[in-house]
Amino acid sequence: MSSKKNRKRQKEGAEGASPSLSAAPSRSGTSTPFAQPSPAAPGMLVVTNFLEKVDGKVPKTFQNSLVHLGLNTMKSANICIGRPVLLTSLDGKQEVYTAWPVAGFPGGKVGLSEMAQKNVGVRAGETIQVQPLLGAVLQAQEMDLALSDKDKEINEEELTGCILRKLDGKIVLPGNFLYCTFYGRLCKLQVLQVKGTDGTTLGKLQSASGTDAQGMASEHSSMESSDVDLSFQLSQLDLKEPQSPSSQSTPCKPTNDRTVNKAGEVLLDVTQSPRDGSGLGLEESTGLKCSFDSSKEGNTQPVSEEKLLKPASAGTKSNTDTFYFISSTTRINLRKICTNSKEQDSQFKVTYDMIGGLNSQLKAIREIIELPLKQPELFKSYGIPAPRGLLLYGPPGTGKTMIARAVANEVGAYVSVINGPEIISKFYGETEARLRQIFAEATLRHPSIIFIDELDALCPKREGAQSEVEKRVVASLLTLMDGIGSEGSEGRVLVLGATNRPQALDAALRRPGRFDKEIEIGIPNAQDRLDILQKLLRRVPHLLTKAELLRLANNAHGYVGADLKALCNEAGLHALRRVLRKQPNLPDSKVAGMVKITLNDFLQGMNDIRPSAMREVAIDVPNVSWSDIGGLENIKLKLKQAVEWPLKHPKSFNRMGIQPPKGVLLYGPPGCSKTMIAKALANESGLNFLAIKGPELMNKYVGESERAVREIFRKARAVAPSIIFFDELDALAVERGSSSGAGNVADRVLAQLLTEMDGIEQLKNVTVLAATNRPDRIDKALMRPGRIDRIIYVPLPDAATRREILNLQFHSMPISNEVDLDELVLQTDTYSGAEIIAVCKEAALLALEENIKADCIMKRHFTQALSIVTPRIPESLRRFYEDYQEKSGLHTV
């Protein structure tokens, strides 16, 4: 049978049908096939891009394993539909794919997907050899795969099962890449060695020499050594490197560096000698090895990822050789690759020293976590059950995940990370099985910590669950946490959870015995922000003094740790732009030494980086200062007392035993600068400013208006210290019983507003500032002390205030010397501030109307403007405010 096959191969080689069987003259006078195809060999096709959506009948999962060919091309190459074909590039890289016909596909071309082009090492327009597989295709009994270090946390048993399921029937060669989606994560593996059911082993022998320029492992050729005598092999072995493919000569198969290993037989490896690269080296080790001196046992040496995860370029297989495919009975051996990133990992390893502003929380966390893990016997001796779980909760960006990473690095325990959304599977029972396996592995490798990030996504409240999967996951996690310690690992396994929505967690999860302790990681205060900034700038070149850092920390109201880190990055970019603007052509080495961050860089960065909680309610604070408002000095003082003093002098308030005012109401006639005062307060105080217009909160759906009020106060607490400004409060806080709307929406909104301002939940570092011109319509419950402590009447401007308002306007307008300021002050009696500004604008327009090129405003223009703009607040309204003030006894200024 073998003689017939040999005669057939010689006949095909004589006809030039197969490039891999083409004869070449050798030193011994025998003919041997080429190791690599020549560009002019038969079967060479031009690579083109894969055609998408050609055949809807082909499942999407199989499309990446196909190559597209024209019908005529398949006929001429004797390729059958749906049969495997061997792709061989000019560099010797090989892959096996399935041939698939495409109607109208151009002749002489082959369509490859992007992944196939990458694996074989070709691009569109290059040539590649396509041959049908004529040799036997047997099952692979065993296969060694290289697993990247980045996938080291993956469970090997489950990954092996996933590979056998998804790659069943895949024909593999040493050096090929395999891609497998594991729980939504794409894993890339490389075939190191394949052992068939016939005992033949195809493998890759790794070079341990660091001087290899390519840094790649050699592939071993496949040869039938069962019928070949060792002495015959040695007598025919050529120890000189062939000069060209045409002069290559060996008595074995042409692929010079693949190994064949049959059980109980001699191992023969042929590679280049590391000494001079001009010959072949021999080494004897329990048989005969021809390999590098340093590569004794390729599998016992840690192999770098750069050397493994590259396709082999040397050595090819003939299409008449024996090939092996993956089956359900194939045994998979996963070998992890050591990477060179250990130094980088240690450089960026998170430690306790890198966390700022959380000293008290870190102390409590270390007591809860480190003591049970390091001294479990101490708890047993006193009969104290060790805590099983610790829950960290707080707003996003405060450092919950960073604390967990620091704990994992500092404690030295085995850490298993569960990202809630990642392990959720659509298949029944798969999510619970994954959870059980993680807990079982942590128990075996104790002391260990199981960190569950975004716990609310994994364990929401069961009564509000969208599907049965969520309920089963919650029940499974409850059972697993109750079972911690049942195998004798009491106190040696701890679950650390993190969430920013603790109210969304299932109540059963938060009871003692599961998550025993809950620690809030809140928004940092000024002192904590200073600590965070100092640790962030520890390794950053800057010119900030301690006083400037303190000022920066005091101004960064509502910034969390993530915001401060983003602020430092933005300040660094500002500093870099400043240097490059002056000297744009500087080399990188000189720029690095010149860039130093200043306080001005941080102040500019704060204009771009706002607190995270303020981004959804971002408001451009108007550039209005106290100096832009004429007069009203007493009102300015009262507002500073209510807003700025509690922040700048908190010890004075504590010493006096008083609480800062919670609310300030400004009321008075329209146009008397009530809203402008609020703008100036927002700008001058530097606090986070939330401007709310009363009618915007009203919603026709039941409960939505109250929810909007509740959400406003929640955001204000999150970015405290902050100011909530309610303009036109009379539209929102209407006196109860006066509303005629359906469902009494106004009454419910008012009740929610009263509860938020002075309810069970304390309103800390949040000041409510309101403005209205109808104080008589506001409910009396809102006007009492404890809710609105300061009620300030803003009357029409007096003579001194009108003088300041006119002076401010004259600074920006060209006024003629004939204009008498005192006379204007007298003429604008009973005018509001807005009407005085309107008089000035009208006079300017009259001057332009008279002469478009006018360069100043004359007295006659003001006289005419005063006749056009008249006081619009009647005497009755002024008397109303005065009577209301006297009857209600409200505090006035």
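Just so it is clear, glycine is given a Cβ too, placed from its N, Cα and C backbone atoms.
Taken from Swiss-Prot as is:
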type: COMPBIAS; residues: 1-10; note: compositional bias 'Basic residues'
type: REGION; residues: 1-38; note: region 'Disordered'
type: REGION; residues: 202-227; note: region 'Disordered'
type: REGION; residues: 239-315; note: region 'Disordered'
type: MOD_RES; residues: T271; note: phosphothreonine
type: MOD_RES; residues: S273; note: phosphoserine
type: MOD_RES; residues: S278; note: phosphoserine
type: BINDING; residues: G394, P395, P396, G397, T398, G399, K400, T401; note: ATP 1 binding site
type: BINDING; residues: G668, P669, P670, G671, C672, S673, K674, T675; note: ATP 2 binding site
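Nearest by CA distance to K674 (ATP 2 binding site), out of the binding-site residues G394, P395, G397, T401, is P395. Put simply, S673 is the one of the binding-site residues P670, G671, C672, S673 whose Cα lies nearest to the Cα of G394 (ATP 1 binding site). The residues near the ATP 2 site, meaning same-chain residues not in G668, P669, P670, G671, C672, S673, K674, T675 whose C-beta sits within 8 angstroms of the mean position of the site's C-beta atoms, are A771, N773, V794, S832, G833, A834, in sequence order. Of the binding-site residues G394, G668, G668 has the largest number of other Cβ atoms within 10 Å of its own Cβ. When the binding-site residues P670, G671, C672, T675 are compared by Cα distance to G397 (ATP 1 binding site), the shortest distance belongs to T675.
Recorded residues P670 (ATP 2 binding site) and P395 (ATP 1 binding site) have their alpha carbons 40 Å apart, per Cα-Cα distance. DSSP assigns S673 (ATP 2 binding site) to coil in the three-state reduction, placing it in neither a helix nor a strand. Of the candidate binding-site residues, G668, P669, C672, S673, T675, the one lying closest to P395 (ATP 1 binding site) when CA atoms are compared is T675. Take the mean position of the Cβ atoms of G394, P395, P396, G397, T398, G399, K400, T401, the recorded ATP 1 site; other residues of that chain with a Cβ within 8 Å of it are A498, N500, I521, V560, G561, A562. Nearest in space to P396 (ATP 1 binding site), taking C-alpha to C-alpha distance over the binding-site residues G668, G671, S673, is S673. In space, T398 is the closest of the binding-site residues T398, G399, K400 to G668 (ATP 2 binding site), judged by Cα positions. Counting only the Cα atoms, the space from K400 (ATP 1 binding site) to S673 (ATP 2 binding site) is about 45 angstrom. Taking Cα separation as the measure, G671 (ATP 2 binding site) is nearest to T398 of the binding-site residues T398, G399, T401. Each of the binding-site residues K400, K674 was ranked by the number of other C-beta atoms within 10 Å, and first place falls to K400. Among the binding-site residues P669, C672, S673, T675, the residue whose Cα lies closest in space to that of T398 (ATP 1 binding site) is T675. For G399 (ATP 1 binding site), the nearest neighbour among the listed binding-site residues (P669, C672, T675), judged by C-alpha distance, is T675. The DSSP secondary structure for T401 (ATP 1 binding site) is helix. Residue density at C672 (ATP 2 binding site): 26 other Cβ atoms are found within 10 A of its Cβ, drawing on all protein chains shown.
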